[in-house]
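See below for the structure under consideration.
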Ligand SMILES: NC(=O)c1ccc[n+]([C@@H]2O[C@H](COP(=O)([O-])OP(=O)(O)OC[C@H]3O[C@@H](n4cnc5c(N)ncnc54)[C@H](O)[C@@H]3O)[C@@H](O)[C@H]2O)c1
Ligand SMILES: N[C@H](CO)Cc1c[nH]c[nH+]1
Ligand SMILES: [Zn+2]
């Protein structure tokens with residue numbers, strides 16, 4: 001971990017730099033793979049599965065019977081946990097359905113919106129370093145609430161060429177029927193362009209590593225909608241003397257264990273907190289089974305001592321973290337000052353793990369500073385809103401002059417005429 005105290009001589013961009021990699025090379029590699037998948041479909045998908053996942057796949061779709069029977073291989077304890085999480089996520093996301101009203105903007109002029117589910121959606125579930133079955137709940141639950149018609153799920157297999165039963169079980173209980181054992185760029189390409197096995201979708205959702213995120217961004221440029229760039233996990237903790245250093249250390253490590261390119265940041269106004277968190281991190285690291293991964297991403301991570309809370313909040317808003325934990329005595333006041341973050345956790349008893357799994361909020365969130373402009377996944381992500389209007393004859397008359405004057409000023413006489421013709425013929 002890099003320790004930075006009162007960083008006067010550095011710009012915030014220097015202090016808050018995220019792990020870097022060669023974007024040009026990444027885009028070139030991923031772009032080439034996508035072109036191949038577009039041209040050669042299943043054959044290219046299988047070729048890349050062999051190259052990157054070390055598996056030979058005869059068929060790509062998981063038979064429905066495997067989804068149905070997966071429950072037999074899951075402990076009752078795990079099934080109960082998944083069901084509890086699902087219930088909370090359903091509750092939170094179902095409340096996001098809003099009522100659209102008809103608005104009369106002028107007498108005789110009515111406007112309204114209709115909420116329509118996106119018909120065909122693709123869900124990517126990461127599985128390179130760990131099978132993230134919790135992500136199925138985060139994507140399939142809102143997709144089902146929104147009533148998307150066709151839902152396709154892709155996730156990589158393990159080295160045995162199989163998808164873990166817990167992933168299949170979670171897909172089954174969320175009502176997903178089309179599951180493909182495809183990971184990485186192959187999965188994004190297959191869902192974006194369609195192959196003989198994989199149906200083409202209109203919007204692709206889900207987090208993933210740098211290859212997956214780059215592939216989503218490239219297919220987006222080619223016209224397929226995506227939820228957002230949701231890449232390597234990150235967390236920032238803002239802590240004062242009221243924090244429990246051991247808890248803060250645990251939260252930092254919880255994101256570091258996701259992958260070697262994760263990043264954890266502590267911002268504090270207290271030297272004592274900084275020192276205590278650093279030693280708690282080093283102590284807890286030793287106990288982790290994924291110690292090697294976490295140790296690697298700690299190299300990307302920072303402990304920052306800052307002069308006061310106002311500057312700290314400015315810095316955190318500039319960083320725009322995927323997750324922001326505020327472990328400060330005045331957390332409610334500070335929460336109001338958050339402008340850029342994917343998801344915020346308040347107080348000493350709101351670990352990020354709660355949102356990762358089961359509190360009800362969504363864990364698919366913008367990373368790499370994209371929280372400045374993007375929200376995380378929600379019910380809204382799976383619907384679009386079509387506007388409607390009906391003008392009565394007198395309504396059009398009320399608005400006619402406004403439209404005619406504006407159309408004439410833009411030099412668009414046909415637009416003007418479409419109004420005038422109706423008024424004159426009255
Ligand atoms: N932002 C979020 O909302 C969020 C949520 C959950 C997880 N995550 C992140 O998702 C990521 C999951 O990553 P993962 O690797 O475990 O799983 P993944 O499923 O995203 O990626 C695995 C795939 O990467 C491909 N791949 C690996 N090396 C490659 C290479 N050299 N060239 C081309 N393709 C290659 C393989 O095909 C493999 O199937 C982590 O970084 C985690 O932090 C983010
Ligand atoms: N922290 C991840 C989002 O960055 C989500 C996750 C899934 N499982 C555990 N954590
Ligand atoms: Zn996590």
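Every residue number used here counts from 1 along the chain in the order it is shown.
From the backbone N, Cα and C atoms, a Cβ is placed for every residue, glycine too.
From a predicted model like this one, the values you see are computed outputs, not experimental measurements.
Averaged over the coiled coil (64-95), the predicted model reaches a pLDDT of 98. Taken from TrEMBL, the feature coiled coil covers 64-95.
Annotated NAD(+) binding site per TrEMBL: 124, 186, 209, in sequence order. DSSP gives residue 186 (NAD(+) binding site) a helix state.
As annotated by TrEMBL, substrate binding site applies to 233, 255, 258, 323, 356, 410, 415. In this view, residue 356 (substrate binding site) is surrounded by 22 other Cβ atoms within 10 Å of its Cβ, with every protein chain counted. Secondary structure from DSSP puts residue 356 (substrate binding site) in a helix.
Counting every protein chain shown, the number of other Cβ atoms lying within 10 Å of the Cβ of residue 255 (substrate binding site) is 27. Per TrEMBL, the feature Zn(2+) binding site maps to 255, 258, 356, 415.
Among the features that TrEMBL reports, active site, proton acceptor is placed at 322 (among others). For residue 322 (active site, proton acceptor), the same-chain residues 6+ apart in sequence whose C-beta sits under 8 angstroms from its C-beta are 233, 234, 235, 341, 342, 343, 365, 366, 367, 371.
When secondary structure is read from DSSP and collapsed to three states, residue 323 (substrate binding site) falls in the strand class. According to TrEMBL, the feature active site, proton acceptor maps to 323 (among others).
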Drop a 10 Å sphere on every Cβ of the binding-site residues 258, 323, 415 and tell me which sphere holds the fewest other Cβ atoms.
415
Those binding-site residues listed as 186, 209, 233, and which of them has the most Cβ atoms within 10 Å of its own Cβ:
186
Among all protein chains shown, how many Cβ atoms are found within 10 Å of the Cβ of residue 124 (NAD(+) binding site), not counting that one?
31
Count the Cβ atoms, other than its own, that fall within 10 Å of the Cβ of residue 410 (substrate binding site), considering every protein chain shown.
9
